[in-house]
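The structure appears right after this line, and notes come after that.
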Amino acid sequence: MGSLKRATTKLTSRSGWFGDKSFNYTNLFAPQFPYNLPRRQRKMLRPSPFFSLDSNLPIVLLLIAGLQHALACLAGACSWIQVITPPMIISQTLNFSNDLQSYMVSASLICSGILSIVQMLHTRIPYTNKYIGTGIVTIVGVSFNTIPVFTSMADRMYSNGTCPNNTDGSRAACPEAYGYFIGTCMLASLFEIGVSLLPATVIKKACPPVVSSTVIIMIACQLLQSSGFSNWSGGDCTENCPSADAPRPLPYGAIEFIGLGFLAVVTILFVEIFGSPFMKSGSLIIALAVGSTVGCACNYCVNKIRDSPAITFLWVHTFKLKVDPPSILPILAVYLINSVEALGDITAASEASRLSVGGSEFDERIQGGILADGLAGILAGAMTQAPMSVFAQNNGIIALTRVANRSAGLVCAGYLILFGVLGKISGVFISIPKPVLGGVTSFLFANVLVSGVRILSRISWQRRDRIILATAWTFAFGVLLVPEWSAHFFRGVDTNGNEALEGWLETIETVVSTPSILGCLVAMSMNLIMPEDVDEESKDASDMEQGINENRNTITEIPSTAQSTQSQLEK
């Protein structure tokens, strides 16, 4: 009866819908002019109250905060992994039909919403002290770490005849390759489940910042090269881009394409400077909308909305699951990277939520989050999607809105599922002109690169660190700049039809031709081989501790600075 009475009161009272007057809705929606603010506007900068994990949130604010998180997911407002871009890259790489591309985006949204709910519920496994999920606001999306491995696998399958090519040499649709990919990922996800049982200190020891930063930087550079700027210039073509059937085909790198992408980037910058906090959380969505509006008005859009169903769900399309042996080792490396990133993202989410980042409760969140990440690899594959993992977009939304409420995260997951079920929404996304998508994703991938550089700021830059980075980057950037360096790696090796040997050689070729994986393995090996600088060990430890404390205080310093400024203005 008590719960029913509280629910009735909340639904029938003004405070239940809008809360008290302590929350400043004006700050959330009002555009900002950051130059020479008058005194009256400065007084409006008073920070809004902080809503903790289990606080009682008014309904309107709950819906708004959930929508902000959902917009951050749709195009990646803050960081480097999002929901809709990876399935679009996969669909375009394998030349899927419009109907199948629409399904891929819709299924990705639905899968992201379902698996995000699993993360936030923090369910205890019966008869054990283990958990599934973090229990805090944690949104998952398709891991960008898998995309370089996928593109390498797709290139190999098109070259060896597993996937067909059209008579003009362009790629034909190859759903079989996607079945190989998700089947292999489902098998390899057992590795991350095993990693979740290890202490967090062991994971940090295997992949310190000098390793994880290398991986993030190389993934960003590889995606900028293979996807971002490629789409910005017109797509995977040389002439008649993006295709001969396009309403207005142009040669690759035409000034019209460059201008469309540039318009999208300028829109992002304009919103980031003058937009309200609510607009900033969806700046990339706004850029896609502006660029697509101009592109469609100039006849650069291929209308795929009519091919998209009004309502859809999972398993409308299915793929035959298979295992690709050469891709197992690279995908295992990806899952190790995902584990380390999940640890960092969960720590950042805990800090933004003003929760402890130490002790048994924090260890339970880490263990549950990584375990749910591993299970997501299996469940996502069962839902016809690539592996999904925790990502950090929404940590920035928590700091921006000061809403760390679990209910807001669950509302966000509900929005994602709704967006996925409404199939026309996915049709809108796949109708976006490639130059617009390329401009926006190039900006996004550059943010990935910045994230990697930011991680490097935490290391002490001893001689050991420089040697590890120099060695790893020698191979990683070398492969990125000269992809053909290993084209004849096993020239003259006679396998005599031995399929096991052929598979092993293909595995090695995949590893040495993928910059992020090669850089990761070299950095991890060097980290284990190189001895510590004995004369600087104590200094290194103190510097690292100071850097971590500075990062932890970043979020709390913002409201403190605002309050201090307000006090000075009032005086």
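Placed from the backbone N, Cα and C atoms, the Cβ positions cover glycine too.
Note: TrEMBL annotation is automatic and uncurated.
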Q | Correct range for transmembrane segment (source TrEMBL, candidates 210-230, 378-398, 504-524) | A | 210-230
Q: Check the transmembrane segment (131-150) against each of 177-198, 250-271, 408-430 and return whichever range has the most CB pairs under 8 Å.
A: 408-430
Q. Between the stretches 177-198, 250-271, 408-430, which wins on the count of C-beta pairs under 8 angstroms to the transmembrane segment (436-456)?
A. 250-271
**Q.** Stretch with greatest number of CB pairs under 8 Å, the transmembrane segment (103-122) reference, 177-198, 210-230, 408-430 candidates
**A.** 408-430
Q: For the transmembrane segment (177-198), could you work out the same-chain residues 6 or more beyond its ends whose Cβ comes under 8 Å from its Cβ atoms?
A: 90, 94, 130, 146, 150, 153-154, 157, 162-163, 319-324, 327-328, 331-332, 334-336, 338-339, 367, 370-371, 373-378, 380-382, 384-387
